[in-house]
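Handing you this structure, nothing more for now.
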């Protein structure tokens, strides 16, 4: 088999979700509705946060950044998937594949650190409420936001460059409905051990550092809640942190199943389901989770709507 460098490849073929015409149309309608609902939900939250002065504080500033990521992540993959389902055009250009890979990893990497920063924000709010305004200032929030977006950018740049130097044989079929690291590694016919080692090492350092910050923050939050004498205070603390904790569990559970494992265990059918959870359903659920459990957000959303 002839080995071809990715830089000379002009296009790939995405396997997609289904080849049956009747199923493809139903899937197109379903995912179109989900995508439009995701865009509407996250854009509405952004409008509510930007127009309601009562939401101009660190917690909702970070929630606005989360909504931006929830717009970026599905937009990188869903439009091409909808085109494949409706027009059966499975071909994606080299540039399109690279951009999909870059923006997806950028969104995932940035969200990992954003969730850690949001956990620290909730820790200060619950454990040091009297000093919250002085510790978590809007200036600090702006710096943290810039920092996590920059780190996410360079993390994605590193991973994309590692994939872009792979060699491929005659096959051009990407066994997924978008370009991602596991199917690209599985498609390559060149040795991928060194690249996998770098990818897993970077993902381990990035993911574990953010996860440790999140975990420690919630351990302190839980201890502080258990020390509260008033049931009303405990309920308020749980309602403040419950939405973020649900988002953290959903995000880490799906991304770990997808990325933190060797390519030898890659399962196309299983990965399609898992990737839909964090790439399509999680961005849809995040605004629902926050709006259902937060009275201030619900009040602002009702005013906007």
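Cβ atoms are placed via backbone N, Cα and C, with glycine included.
As annotated by TrEMBL, transmembrane segment applies to 25-48, 60-79, 91-120, 132-154, 197-225, 237-261, 273-292. Here TrEMBL flags 41-290 as domain 'G-protein coupled receptors family 1 profile'.
Structural setting of the listed features?
Sequence-remote contacts of a segment are chain residues at least 6 beyond its ends whose Cβ falls under 8 Å from one of its Cβ atoms, and for the transmembrane segment (132-154) they are 57-58, 61-62, 65, 106-107, 109-111, 113-114, 117, 121, 124-125, 206.
Panel annotation: around the transmembrane segment (197-225), residues 109, 112-113, 115-116, 119-120, 122-123, 126-127, 151, 155, 158-159, 162, 181, 234, 237-238, 241, 245, 248, 252, 255-256, 259-260, 262 of the same chain, lying at least six beyond its termini, place a Cβ under 8 Å from a Cβ of the stretch.
For the transmembrane segment (273-292), same-chain residues at least 6 beyond its ends with a Cβ under 8 Å from one of its own Cβ atoms are 31, 34-35, 37-38, 41-42, 44-45, 63, 66-67, 69-71, 73-74, 77-78, 104, 108, 176, 178, 180, 243, 246-247, 250-251, 254-255, 257-258, 298, 301.
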Residues of the same chain, at least six outside the transmembrane segment (91-120), with any C-beta under 8 angstroms of its C-beta?
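For the transmembrane segment (91-120), the far contacts come to 6-7, 9-14, 59, 62-63, 65-66, 69, 72-73, 75-77, 80, 144-145, 147-149, 151-153, 155-157, 159-160, 163-164, 174, 178-181, 184, 206-207, 209-211, 213-214, 217-218, 244, 247-248, 251, 255, 259, 278-279.
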Summarise the model confidence on the domain 'G-protein coupled receptors family 1 profile' (41-290) as a single mean pLDDT, whole number.
83
